[in-house]
Amino acid sequence: MLGLATAMARRRLAALVAVFCAVLGAAAIVTGTGVLMESGLRSELPAGRLAGADVLVSADQTVRPPEDLPIALPERAPLPADLAGRLADLPGVTAVATDVSFPAALLTGDDAVVGAADPAQGGHGWSSVDLLPGAEVTGTAPDGPGEVALGADLATAAGVAPGDRARVVVDGGPPTDVRVTAVVRPEGAGILLPDDAAATLRDEGPRAGTVDLIGLRVEPGTADDVAAAARRLVGSDVEVATGDARGELLQPEAAAGRSLLVVLAGSLAGVPLLVVGFIVAGALSVSIAGQRRELALLRAVGTTPRQVRRLVATQASLVGAVAAVPGLALGYLVAGQLRRLLVHLGMLPAELPLTFSPLPALAAVLLVLAVVQVAARSAAWRVSREPVTTALGESRTGPRTPSRGRTVAGLALLAAAVPLAVAPLLDRTVLGAAGTSLAGIVAAIGLAMAGPALLRAVSGRVVRALPAGTSAPSWLAVANLHGYALRSAGAITTLAMAVVFTLTYAFSQTTVSGAAAREAEAGTRADTAVAAPALGGVPAGLADSVAAVPGVDASAPVSTTTVLLGTRLFGDVTVEPEPALVLTPDAAGVLDLDVRDGDLADLRGPTVAVARGVADVGEDLPLTLGDGTDVDARVVAVYERALGFGGVAVSADLVAGHRTTDLADQVLVRTDGSPATADRLAALAGDRPGVVVADAAAGAERGVAPEVWLNIAVLGVLLGYVLLGIANSLVAATSQRGDELAALRLTGTTPAQVRSMMRREAGLVSAAAIAAGTLVAAVPLALLGIGFLGHPWPAGPWWLLPATVAVVVGVAFAAIEVPTRLALRTGPAETLARAT
């Protein structure tokens, strides 16, 4: 069987090029997805600033919902400070040091802020120097108020040395004159305060008497034993790490990026695999169509249907195995480029590397070859089970009548897509919008299955309606579509799938993004935003100072955090991270969330406001805050504008002490709009180092969300793969029509007439694909527009449809014109001789 499959493949190399390209692209996509998945599960962050600690101890930064993947907490969960003393008594421990992080910034002589990687965690206690890798201290430790030590990078940027005076802003306080007692290497040490001064910053609230991390130095070769003893001492609520695992404890917000990779890989697994299966099956169908004569002869000499399917599957697997090798290498490159995109969009921390191993390649080979086997056996099913006489009769022309079962199944899928398209009317969320893309995919599959019957019916009417004066090339083009409906429908429906996939996938993203931007703009009553990102947050008292400026009608501090909220989906409760606003009772003066029940002025104490459908006013809503603290919050308001502002808004009192820093992100300000008021606010900011004034409307519009750019990039990769597969299949199908074109030439048809006929066929194929794809996509997109925008058309770039049409037409004409010209270079007699 292997020898026969190899021999047949050698005779049909041109037809198998489409299969080769389809499998190559499939292997690349699946491998790239596998690399992302493995990196999300196994990637380790570098230990960075605290790499000098042999063992790091942190509060558990992960929530583990039952029967679901762990969720990394983005906010720092603290540890009891007295735990350090207990850990110091463990055998093998030579030194213990704690680390406390807080907002801090260094000012230059002209009160400009020295740039830092993370000002919100730019300050630390002096004892953390013991945990720095290869620490070099020039000077003496700070001791008492008014003294600090600086990391070498900050000292160099500010031009200060031990003994010099400097100005710092610590934890939102006023600029303070201090004496620099030491400069510490390596870079990244930050601004170092005496330990008692750092501890004073946590003398009240939930973080009183706590530290962020505890580092242990141990005797050589005992790190694992000490870590095991520490785990027995602290229990399951505390994480103990050694080696590469230390980085995850140091940067919980960066570690959350691992969860993103897992979610992203999971979301990419469904649609790409479906597209891969579709393209591979189409390429194999074209290949098998070119071998119908050989397969019919094998049936005539006694080959069983099972052997025919096995032969076709073996041949496809040989081609797939060869194509998988470069595809696997390309997949690793794709994963690397996707990581760069995620870092550029700010969705993934630059410190998080990808993990490369043979596992994704092995999984891709098994999965892709399994798809090839199933697709090959499915494509060969009809030709293998036909009676021998029928198989021989159709070995030249191919089957003329579409399968009734296939047609019924396709129409059923087209009908099933309608309920999926209704989802945006019932659920005005990202999940509801996903129904549009899913409806488009299901409808595209249904169109592919019912396409031959639909094309035969429509083209039959067109043939009968052609006027008597129709030119021969035009009449032949229409007759070919009608007579070879299965062959023609394969090209039309695959191109239509590209149209449907592009329109529904892209417009579902842009419509949701546009609706969210419109809600955010409509709900932002403020016209000015005052912030201090270089200081790690808005300084204490700035909100009151802003409110006292003449001409300011309303102001309120606004921040963001993340909470874990349980939602019910299909009867099951799932826990998902939800972005949340942090608001004060004054928020209603600067934000209009379209409150339908309750009042934002009641956001005091353990209270929340939620989007409509989450909970009712007066209910107690269980939440997990960003640092893992479980709370029950009373719902005081229900609002409508969830797309623009998220599904949850928590009171500042509720999350106080449960965020990495309690400083507000910004102060939103509603003024009387006069230039004098704007000048006063600018003057206020100018008197405070690091404070900036911006247009609140610019923040409300926010531009295109990073998630949308990511989805567009993924769409581009998949669409490129689909179009490549379509082009290869069209080229292979056209190349196999050499004997048909030769017969036309022997009857007197000129090469120019043949080219004219094929161009008309390409035009009809393109027009039918565009019409079918647009009609299939129209219903889901109309319902999407009604659900999110209130009118039956989506939001998005006007040029997307014309661009899609141009690409489809270009691919169809190029993939038919080029092989036609090549076929016409050979004489008709020679072509027919080769065919026989």
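From the backbone N, Cα and C atoms, a Cβ is placed for every residue, glycine too.
Just so you know, TrEMBL annotations never went through curation; they're auto-generated.
What TrEMBL records for 269-387 (among others) is domain 'ABC3 transporter permease C-terminal'.
Taken from TrEMBL, the feature domain 'ABC3 transporter permease C-terminal' applies to 713-827 (among others). Residue counts for the domain 'ABC3 transporter permease C-terminal' (713-827) by DSSP state, with H, G and I taken as helix and E and B as strand, are 96 helix, 0 strand, 19 coil.
What TrEMBL lists as transmembrane segment is 260-290 (among others).
For 311-335 (among others), the entry in TrEMBL reads transmembrane segment. Long-range Cβ contacts of the transmembrane segment (311-335) within its own chain (Cβ-Cβ under 8 Å, at least 6 residues beyond either end) map to 1-2, 4-6, 8-9, 16, 19-32, 34-36, 39, 284, 287-288, 291, 295, 298, 303, 354, 356, 360-361, 364-365, 368-369, 372-373, 375-377, 379-380, 384, 717.
The transmembrane segment feature in TrEMBL is assigned to 355-376 (among others). Long-range contacts of the transmembrane segment (355-376) within the same chain: residues 19, 23, 26-27, 30-35, 37-39, 42-44, 273, 276-277, 280-281, 284, 288, 309, 312-313, 315-317, 320-321, 324, 327-328, 331-332, 335, each at least 6 residues beyond the stretch ends and with a Cβ under 8 Å from a Cβ of the stretch.
Look at TrEMBL and you will find 408-426 (among others) tagged as transmembrane segment.
Annotated transmembrane segment per TrEMBL: 432-455 (among others), in sequence order. Non-local neighbours of the transmembrane segment (432-455) in the same chain are 271, 274, 278, 402, 406-407, 409-418, 420-424, 426, 481-482, 485-486, 488-490, 492-494, 496-497, 500-501, 503-505, 507-508, 511-512, 768, 772-773, 776-777, 779-781, 783-784, 787-788; each lies 6+ residues outside the stretch with a CB under 8 Å from one of its CB atoms.
If you look up TrEMBL, you'll see 484-507 (among others) marked as transmembrane segment.
What TrEMBL lists as transmembrane segment is 708-727 (among others).
Here the transmembrane segment (764-790) has long-range neighbours at 414, 417-418, 420-422, 424-426, 428, 432-433, 435-436, 439-440, 443-444, 447, 451, 455, 477-478, 481, 488, 491-500, 503-504, 507-508, 511-512, 514-515, 518, 643, 801, 805, 808-809, 812-813, 816, meaning same-chain residues at least 6 beyond its ends whose C-beta is under 8 angstroms from one of its own. Summarising the annotation, TrEMBL assigns transmembrane segment to 764-790 (among others).
As annotated by TrEMBL, transmembrane segment applies to 796-816 (among others).
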Going by DSSP, how much of the domain 'ABC3 transporter permease C-terminal' (269-387) is helix, how much is strand and how much is coil, in residues? 96 helix, 0 strand, 23 coil
Give, as a single whole number between 0 and 100, the mean pLDDT over the domain 'ABC3 transporter permease C-terminal' (269-387). 79
